[in-house]
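Novice: Here it is, the structure, as structure tokens.
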Amino acid sequence: MAYSEKVIDHYTNPRNVGTLNKDNKNVGTGLVGAPECGDVMRLQIEVDDNNMITDAKFKTFGCGSAIASSSLATEWLKGKSIDEALAIDNMDLVEELALPPVKIHCSVLAEDAIKSAINDYRVKNGMEALELPKSHH
Amino acid sequence: MELPIYLDNNATTPLDPRVLEAMLPYFTNKFGNAASRNHAFGWVAEEGVDYAREQVAKLIGCTEKEIIFTSGATEADNLAIKGVFEMYADKGNHIITATTEHKAVLDTCKHLEKQGAKVTYLQVKEDGLIDLAELEAAMTPETILVTIMYGNNEIGVVQPIKEISAIAHKHGALFFTDATQAVGKIPVDVNADGIDLMAFSAHKMYGPKGVGALYVRRKNPRVKVTSQMDGGGHERGMRSGTLNVPGIVGLGKACELCRLEMDEEAKRLSALRDKLETSLNTMEESYVNGNTQHRLPHVANISFKYVEGEGLMMAMKDLAVSSGSACTSASLEPSYVLKALGLSDDLAHSSIRFGLGRFTTEEEVDYAIENTRKAVNHLRDLSPLWEMFKEGIDLSKIEWAEH
């Protein structure tokens, strides 16, 4: 199966690889997936007082599409408000990266990671966790 | 050195130019049907087939009459197992095989289960070899066939064939082996090994795709299989269909080259394989899969923990290898062979198979080592699991969200 140019670009030059201090109050961390399933994503956001995402980092264990999905997600997150970030849909990632059907689960995982990071931030800052729609996988 | 480098010789091998040269006339002026008995075109084609039959027989130590040409090893597997099941139905209905067999054997057995066969699937030990005591214990008076592969396609382990055939014979069963990965790579002698039926294929030994053979013993005992393809009664009635003359000529030539060059080639390849394996195995958290004493000379299967196989292969973009990772298959299940060794799913996802071949050079192996090291390090820099491992976090204690 051939990868799209965008997947190859993100895979070869992944954006925002790294680690934020998960103990900081303004950092939200989402860790989703499982090693047994062949993909684990960790996505982190740093949020300022105006609920704007000022930084985003990721690390991913998985195939090229999983790495590209999380790399693209961090790019999209930076500069967005939390509410805007919640509106990111996995199908937007699928479209942008031209993922084939067999790789759609990679984008679902990235969406889960975003929501999970936001919830971590919310809980840390005294807000209640959002009810997340059950994973589609 | 040309890129990319082909290191997937267990999937298929390139055609040796000497084989191509032998085949070419049979596509053009020697185009006859080997079954045409009445004119020179047929005779010439038949001569080519007869010579190939000798070349094949010589490689595995049998007589020409014991070779049935097929379209490949999958067909030969089907013919052997289904053919024995039907032919010996009045003797029993029990077949013994192993969980690490090729799908062509496993799915054929599953097919027969629907038709009344009882099949025992032997587990393998951690090193990929079957337990002879378990085989012995599984034998019953109803057992008509034991089918165990010679060398494994994913990890390269070589089963104790002589011991297995002796157990089968002691209990009055026939022994069939899928030797697709072994024939032409290591010495295989059907008499010394006690083999009654054996499948193999040209394209794994530098011959063309679409041609293979089934060895069927004619003496001590005389073995028969019910044909699975009806028609003109070719191949002594066991496999009808106009013979693929150029393909068969190619298989013959490929067998001859393997016979003449095998000893030296096996030494060269195992030295290169060991170099590759030793260098990569010095990396932290890398594991060699399968028995390292009893195995084919040209295969190395290594798991690089905390990186995922498909992602890794993408970084090894100048190398053509394969992975036991789920992501490379349509099923999203990691390799059943590696899981049968008791490997955890995450290690199976992290495996890479390197298959060296006749045209692999030392320069290519050196490049592969460097390329793989860089790729593994790159992927580990991206891996949250590697970071956690480095921080001393026990990953098995984390509650992962299974999906």
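Cβ coordinates are placed from backbone N, Cα and C, and glycine is handled just like the others.
Any TrEMBL annotation is an automated prediction that lacks curation.
TrEMBL lists these features:
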type	residues	note
ACT_SITE	B:Cys327	active site, cysteine persulfide intermediate
BINDING	B:Ala73, B:Thr74, B:Asn153, B:Gln181, B:Ser201, B:Ala202, B:His203, B:Thr242	pyridoxal 5'-phosphate binding site
BINDING	B:Cys327	[2Fe-2S] cluster binding site
DOMAIN	B:5-367	domain 'Aminotransferase class V'
MOD_RES	B:Lys204	N6-(pyridoxal phosphate)lysine
Novice: Widest Cα span across the pyridoxal 5'-phosphate binders B:Ala73, B:Thr74, B:Asn153, B:Gln181, B:Ser201, B:Ala202, B:His203, B:Thr242, in Å?
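Specialist: Answer in Å: the longest Cα-Cα distance is 30.
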Novice: Based on Cβ atoms within 10 Å, give me the single least packed residue among the binding-site residues B:Thr74, B:Asn153, B:Gln181, B:Thr242.
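Specialist: Counting other Cβ atoms within 10 Å of each of the binding-site residues B:Thr74, B:Asn153, B:Gln181, B:Thr242, the minimum falls on B:Thr242.
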Novice: According to DSSP, folded down to helix, strand and coil, what is B:Thr242 (pyridoxal 5'-phosphate binding site)?
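Specialist: Going by the DSSP assignment, B:Thr242 (pyridoxal 5'-phosphate binding site) belongs to neither helix nor strand, so it counts as coil.
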Novice: Over the domain 'Aminotransferase class V' (B:5-367), what is the model's average pLDDT?
Specialist: 96
Novice: Fewest other Cβ atoms within 10 Å: which of the recorded positions B:His203, B:Lys204 wins that one? Let me know.
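Specialist: Each of the recorded positions B:His203, B:Lys204 was scored; lowest Cβ tally within 10 Å is B:His203.
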Novice: In whole Å, note down how far the CA of B:Gln181 (pyridoxal 5'-phosphate binding site) lies from the CA of the residue listed as 'N6-(pyridoxal phosphate)lysine'.
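Specialist: Approximately 7 Å lies between the Cα of the residue listed as 'N6-(pyridoxal phosphate)lysine' and that of B:Gln181 (pyridoxal 5'-phosphate binding site).
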Novice: Including all protein chains shown, what's the count of other C-beta atoms within 10 A of the C-beta of B:Ala202 (pyridoxal 5'-phosphate binding site)?
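Specialist: Its Cβ shell of radius 10 Å holds 31 other Cβ atoms.
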Novice: Taking the Cβ of B:Ser201 (pyridoxal 5'-phosphate binding site) as centre, how many other Cβ atoms lie within 10 Å?
Specialist: 30
Novice: Any idea what DSSP makes of B:Gln181 (pyridoxal 5'-phosphate binding site), helix, strand or coil?
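Specialist: In three-state terms, B:Gln181 (pyridoxal 5'-phosphate binding site) counts as coil.
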Novice: Non-local Cβ contacts of B:Ala73 (pyridoxal 5'-phosphate binding site) (under 8 Å, 6 or more apart, same chain)?
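Specialist: Sequence-distant Cβ neighbours: B:His102, B:Ala104, B:Asp178, B:Thr180, B:Ala199, B:Phe200, B:Ser201, B:Lys204, B:Gly212.
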Novice: Look up B:Ala73 (pyridoxal 5'-phosphate binding site) in the DSSP assignment and report helix, strand or coil.
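Specialist: DSSP call for B:Ala73 (pyridoxal 5'-phosphate binding site): helix.
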